[in-house]
Amino acid sequence: HVVVNLISFLDGEKVQMYWLFLLTIALHWTAMQMKIHYSANACLLPICSLYGAAVTTVEGVGSTKTRVHPVQERLAKCHGSQCGFCTPGMVMSIYTLLRNHPEPTSEQMIAALAGKYCHFLICRYVLEPFSSDTLCTENSWVLLVFFLFKVSTRLFSTDEFQPLDPTQELIFPPELMVTFATLRTLFFHGERMTWISPVSLDELLDLKATYPKAPLLVGNTSVGPEMKFRGMFHPIVIAPARIPDLNMVKCTDDGLTLGAACSLSLVKDILTNAMAEFPEEKTKVFSAVLQQLRTLGGEQIRNIASLGGNIVSRKSTSDLNPILAASNCMLNLASRGRKRQIPLSDIFADGVGNNTITPEEILVSVHVPHSRKGEYVSAFRQAPRRENALPVTNAGMRVIFEEGTDTIKDLSIFYGGAVSTTVCAKQTCRTLIGRYNFYVFSVSLNKDFENLACRLVFKEIALPGSDNGETVDYKKTLIVSFFYRFFLEVSQLGKKSQFKHDPCCESQVQIFQRIQGNSQSPQDPVGRPIMHQSGIKHATGEAVYIDDLPSVDGELFLAVVTSSRAHAKIVSIDTSEALKGPGVFDIITAHDVPATNEFYYSDDPEIIFARNKVICVGQIVCAVVADSDDHAKQAAAKVKIEYEVLEPVILTIEEAIQHNSFFAPKRKLEQGNVDRAFETVDNIIEGEIRIGGQEHFYMETQSVLVVPKGEDNEMDVYVSTQHPAIIQEMVAASLGVPANRIMCHVKRVGGAFGGKLLKAGLLASVAAVAANKTSRAVRLILSRGDDMLITGGRHPFIGKYKVGFMNDGRIRAVDAKYYINAGCTPDESVLVAEVSLLKMDNAYKIPNLRCWAYACKTNLPSNTAFRGFGFPQSALVTETWITGVADKIGLSPEKIREINMYKENEQTHFKQKLDPQNLIRCWNECMEKSAYYSRKTAVNEFNKQNYWKKKGIAIVPMKFPFGLGTRYLSQAAALVHIYTDGSVLLTHGGIEMGQGIHTKMIQVASRELNIPMSCIHFCETSTTTVPNACASVGSAGTDVNGMAVKDACQTLLKRLQPIINKNPKGTWNDWIKEAFEQSVSLSATGYFRGYNENMDWEKGEGQPFTYFLYGAACSEVEINCLTGDHKNLRTDIVMDIGCSINPAVDIGQIEGAFVQGIGLYTMEELKYSPEGVLYTRGPDQYKIPAVCDIPEQFSVSLLSSSQNPYAIYASKGIGEAGLFLGCSVFFALRDAVTRVRNERGLKKTFTLNSPLTAEQIWANCADDFAEMVIGSWEEGSV
C-alpha cells in the first residue's frame, strides 16, 4: 500500500488529503506499507479526484480552539506572517515536509516553499522559523543553512516553543485502507460533464476507444487551465490515476521504466535514489532530467503533475520533453488489442500537427535509459524567474564520441519554447556527426563554431514572430548560447563548468539586528518584538477575509463584463443569451445606478459603469448577478457588446506627448539659475530612462460583500480596502442615500500596497447597485486575471534629464522632465507626479534645478497609488544620472554619491530644512557593515578569472521624506472602551494590511493605560465607530492613529487618576469597578489633527513633509553574460527608523519592501498588445519575486540612537521607504554589465531601463557573439 497525503486549497482553505493507492512500486521498493504526504494547489484539484480521501484543513492541523501545532506556533511567533493571506499555505507545505521527512535537509525545506511567493515575501519569514533548533528539542532536525545564521539579537525566544510530538499527529483513517481489489470504477455526473475513474488498464482502453476525444486527467495541470482560462469544454473526462499499470516503476538492465501517471515529485525521488545507487557513468540522463525537475513549477505543482501528461501535451514550454527526447527515451503505448513502443522524439517529428499517438492510444509508461561510456547529456532553461516560471527557451542535448577519440559519433539537440512544440535540430546534428573533431568546438567562440554550428542551428530552428510581447532576438540568442554552453561543458570532460546550473535557492537567510531596548518596565511592550496579534490565526487559517465570510441567505454572486476595446463607442449591449443562463438573476448596467455613476474628484470622472463609450480595455460595462460564481461568469461571457472604434487610441507616454494628452495640472519645481549654471560647468550629459509599471499583486484580490439590511436603505459593506470612508462615500453617492445608511466594515486586508482605494470604491459601488436592485446580498470576488486587467498599478515612467557637472564630480545643474502614464482617469496620478518632483533629489544637494512632471492621459486602465508613490521612479532617474556622471569622468559611482550627498543643515529644492546627519551615518555604517571596498576588490578578482560570468556591486543611499502634503489627510481618530471586567476594546481608523498596525496600537494602549496587552482587544475598523477616517497610506498609519489612541487613553487615564490616587495599591480591575460605581465614563474618543504640512506650487516652496527617513543598501550580484540570468548574492541594509515601536514588524516591512523593489527594478514586467490588452494577467505570465530571488545573505540593521520628535514615541513610518533600496540590485547589475562591456572594449554610452530583465542584461553584454546572433547568421552558406 502507498498512502498519499495531499495538501490542497478548497474554498479558501488549505487542506491536507490522504489518498490510498496500491501500486506496483511497492513491490519494487518495499513490501511494507508506506505513507507519502503531498502538498498541492487546490485550484488544480478537481473535487472528484478526492473520492476516498481523508481531508484535513489547516484548522485540522491545529487551531486556537484545540491545540496549535508547533509548525503554526513557530511561524507566528517567529514573525513569519504579515497580511496572513498565504500563511496557511506556508504552514501546510512545511507540515507536509515534516510528515515525510522528520529530519529535512535545507534543500528540502527550501524546495517545499519554492512555489510560494507574495509581495510581502521575506526570507526569515519562510525559512528561519523551521530550523532544527526551533522545531524540536528531542529530534536533531537539520539546521537550515546553519552556517549563515549569525543573528546578533533574535526577535523571538525559542524557550516559548512547544516541542513537536509525532505521536499527536493525525493518523490515516483505517476505513480508507482499501486494496485495489476492492476499488470500483467511479462515475460522477455534473451539470455539464461526466467524470469517469477506471481501475484497470483494459477498462481504460475500452473507455478511450468509446470516447477518443475525452482527455485523460491525472494532475489537471494542463486540462484545468485550458478549461478555466481558454474556455475549453470536455463533456467526458477520464481520470486514470488509480490504475496500477500507470503507476508502475521498474528497474531494468538498461534503465528505468516509469508509469505515465507517476507524479513529477515521485519521478524526482526515484531518479535521486537511482543517482545514489548507480555509477555516475550510467546516470547522466537522470542527472539532466533532475536538473529540470528542480525548477519545473513548485513542489506543489510537481506533486500532482504527471510524467505522461507532461509528455503527451507536447507543450512548447515543457522543460522535460527536450531532455527526454534528446536522451532517446521510449514511450510504451497501448490501445485496445495493441501495444507498441516508439521513441519519444517521434511525437515531435512533424511539429504541432503530429499524430504519432492516435486518439485511442494510451501512454502507459516511459523508459528512461542509462547513459553510456563516452556519452554526455545536459539540459538548459532560461525563464523570467529561476523557479516556478515557464521558460523563455529550454533545451536538451546529448553527444556520444567515438571510443578513444573526440569525434562526434551521435548528437541530439532538442529545443523547447522556440516554436509551438519541442523541436529537433536534425540537420545540424547530421551535419556535425562524424565530420568534425570535437576540439573545434572547445575553443572559446572560435570562427569555426560561429560560422558553422551556430549558423546551422539558426537556419534550422526558424522562430515565428511574437504575438505576446516576447522578443524573438532573445530566443535566438538563447538557442545558440545553450548550444555553445553544451559543447563548452563537454569539452571540460566532467570538470566543474562556470555554466553548471546551481540548485535553485541554495540558501536564503538574513542576518538582522535591532535597537537594543532601553531600561523600561517589563510590562511596557513598546520597542519590543511583539508577535503580530493575528499571527496565530493566520497560521491556523482562522483569520477571516472577505470571501471567508459565511454565506448570507439568498446571496447572489456578481461577475463583471469588461470592455474589449481601448477607445470605442458602445453601439449596443445584447444580454439576451446571458439572461437565459442557469441561475442568472439579473444584469446590471449604468441605467440601474440610482444616483451618481461618475465621480468628479477632478475635471475627469471616475466611472462605475461605462455608459456611452469605453476608454480602456477592462473598463466595466455591466455586471451579471447569479446564484453561483460559476453561473455568473458563464453568463458574463455570453454578453455581446458591439463597438465603434474611436480615435485616437493612446496607449504609451510617447503617444500621449504626441497628442498633448495630459491631466491637469502640470507641475514644476525650480531653484537657482539652471541656464547660467549649464554655461559654467565642465561637462554635460543628457539621457532618458524608462521605468515599467508594476502590478500590486496583493494575495487577496479586490473583494466585497454587500448586505442590504431591509429597512431605511441601510447596507452593510464588508470590503477589502485601505479607505473605508471613501467606500462609504462612493456607495452612498451611487445609491443616492446619506452616508449614515452605509456601514463599512474591514477586519483585515490580504495585502493592498495602495491598490485598494478608489478602485475598491468603484467595485463596491458595482456590488451595492446590484444589491440595491435585487434586494439581495451580493458578493464580488475578482479573479486574479480580472483584477489585473481592471485595476491598474504603478505608473510607467519616462525620465528625461540634462545634467551639468564639474571635472571633480560636483553636480551643478539638473534639468529634468518626468512623464507618468496615468491611464484613462486621473485617480491619484497628479499627486504621484507631484511627489515624484518633491522627492527627486533623493540624497543629493543640487544647487540649480528645474524639473517638470506630466500625468499622461492614455487609454490604459487607470494607474493608481503604489508603495513609494512616485519616489521609486524619480529617485531611480536620479541614481541613473549619478552613475552617468561617474562613467563620464572616470570616478566610481560611490564617490560621486559621496561628493554630492547632503552633508550639513541645508534646504531641499522646495526650501524645507533638512538635517542629514543620519543620512551620513547610514551611509558610513552600510559601507562598514558590508565591507564594501574589500568586497569590491574581490569582485574585481572574480571578474578577471571568469569570462562568461561577472559580478557587480553597488551601494545606494536614500532620503525618504515622510508626509502627505496637507494636514487634513493625516488626521485620525480612535475610540477606546473599558468594560467593567477591566477588558479594553480598542478601535481606530487604520487598516490592517500586514503592516501590524493593530498590534502597534495595542502596544500604544498598553503603555498608556499601563495594563498588559492581553487585556486589550481590537475588533474591526468600521465607519460606525470611527467616522471620516483618512486612508491608511503613505506609511502614516501608525504615526497618526497612534497619536489618536494615545489621546483617547490619556483622556481615560485622566478620568481614572483621582480614583487611582485614592487607592494607589489597588488593581486595574479595582479602579475600573470603582469608576463605574462613581459614574465615571469609561469610553473616550481620541483625535489627532494631523501634521502641519503644506506646499505652495505657485511659489515652488513649502513644508510638505514632517520628517525624513534615511537608509543605505549595498548589493552584490552575479550575471551570466550568455543568457542575462542573475543571482542576488548579498544585500546589507542600514535604516534609520527612529525608535521602533515593534522591531520585528519593522524589520519585516523593510525586508518585504526591499524584495518588492527587486521585483520592480529587475523582473516584474507588464506587457500589452498593440490594442491595449494586458498580456500578463496572472502568475503564469507576471512574475513577482520568489524565495530564490531573495539575496543569499541578507542583513538588515537599524540605526541606533535615532530620535524623531514628531511621531509617536520617536518612531518613524517605515512601510514604503525600503522599496527604493531594491535599486541597489539594479545598480549592482549595471556594474556587472559595465565590467563586461569594458572587458570587451565597448566604450559607447548605454542606458539600462527598468525592469532590468535577463533579456536586457543579455542585450547590453554585447560582443561578437551577440552581434552574430542578432544579425549575421543569415549571411553566407554552410
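Cβ coordinates are placed from backbone N, Cα and C, and glycine is handled just like the others.
Bear in mind that TrEMBL entries carry predicted annotations, made automatically and left uncurated.
The active site, proton acceptor annotation in TrEMBL covers Glu1216. Residue environment of Glu1216 (active site, proton acceptor) contains 25 other Cβ atoms, counted within 10 Å of its Cβ in all protein chains.
As annotated by TrEMBL, [2Fe-2S] cluster 1 binding site applies to Cys43.
Around the Cβ of Cys83 ([2Fe-2S] cluster 2 binding site), the number of neighbouring Cβ atoms within 10 Å comes to 29. If you look up TrEMBL, you'll see Cys83, Cys86, Cys118 marked as [2Fe-2S] cluster 2 binding site.
Sequence annotations record features per position, and here TrEMBL assigns FAD binding site to 216-223, 306-310, Asp319, Leu363, Arg381.
In sequence order, Phe869, Phe962, Gly963, Leu964, Gly1213, Glu1216 are the residues of the chain that are 6 or more apart from Gly1034 (Mo-molybdopterin binding site) and have a CB within less than 8 Å of its CB. Annotation comment: TrEMBL describes Gln722, Phe753, Arg867, Gly1034 as Mo-molybdopterin binding site.
Annotation source TrEMBL lists substrate binding site at Phe869.
Positions annotated as domain 'FAD-binding PCMH-type' by TrEMBL: 188-373.
What TrEMBL records for 15-31 (among others) is transmembrane segment.
Sequence annotations record features per position, and here TrEMBL assigns transmembrane segment to 38-58 (among others).
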The binding-site residues listed are Cys43, Cys83, Cys86, Gln722, Arg867; by CA-CA distance, the one closest to Val218 (FAD binding site) is Cys43
Rounded to a whole number of Å, the separation of the Cα atoms of Arg867 (Mo-molybdopterin binding site) and Cys83 ([2Fe-2S] cluster 2 binding site) comes to 15
Cα nearest Phe753 (Mo-molybdopterin binding site) among binding-site residues (Cys83, Cys86, Leu363) -> Cys83
Any further residue of that chain within 8 Å (Cβ to the Cβ centroid of Gln722, Phe753, Arg867, Gly1034) of the recorded Mo-molybdopterin site: Ala752, Gly754, Gly755, Ala865, Phe866, Phe869, Met993, Ser1032, Val1033, Ser1035, Gly1215, Glu1216
Of all the binding-site residues given, namely Cys43, Cys83, Cys86, which is spatially nearest to Leu363 (FAD binding site) at the Cα level? Cys43
Inter-residue Cα distance where the pair is Gly308 (FAD binding site) and Gln722 (Mo-molybdopterin binding site), in Å: 46
With Cβ-Cβ distance below 8 Å and at least 6 positions apart along the chain, what are the contacts of Ser306 (FAD binding site)? List them in sequence order. Val218, Gly219, Ala241, Ala260, Ala261, Cys262, Ser263, Leu264
Minimum Cα separation from Gly308 (FAD binding site), reported as the residue among binding-site residues Cys43, Cys83, Cys86 that achieves it: Cys43
Can you tell which of the binding-site residues (Cys43, Cys86, Leu363) has the fewest other C-beta atoms within 10 angstroms of its C-beta? Cys43
List the same-chain residues at least 6 positions away in sequence whose Cβ sits under 8 Å from the Cβ of Asn220 (FAD binding site), in sequence order, or say none. Leu44, Leu45, Pro46, Ser49, Ile304
Considering only the binding-site residues Cys43, Cys83, Cys86, which residue has the minimal Cα-Cα separation from Asn310 (FAD binding site)? Cys43
Any idea what the Cα distance is from Cys86 ([2Fe-2S] cluster 2 binding site) over to Cys43 ([2Fe-2S] cluster 1 binding site), rounded to a whole Å? 14
Using C-alpha atoms only, work out the spacing between Ser222 (FAD binding site) and Cys43 ([2Fe-2S] cluster 1 binding site) and round it to an integer in Å. 12
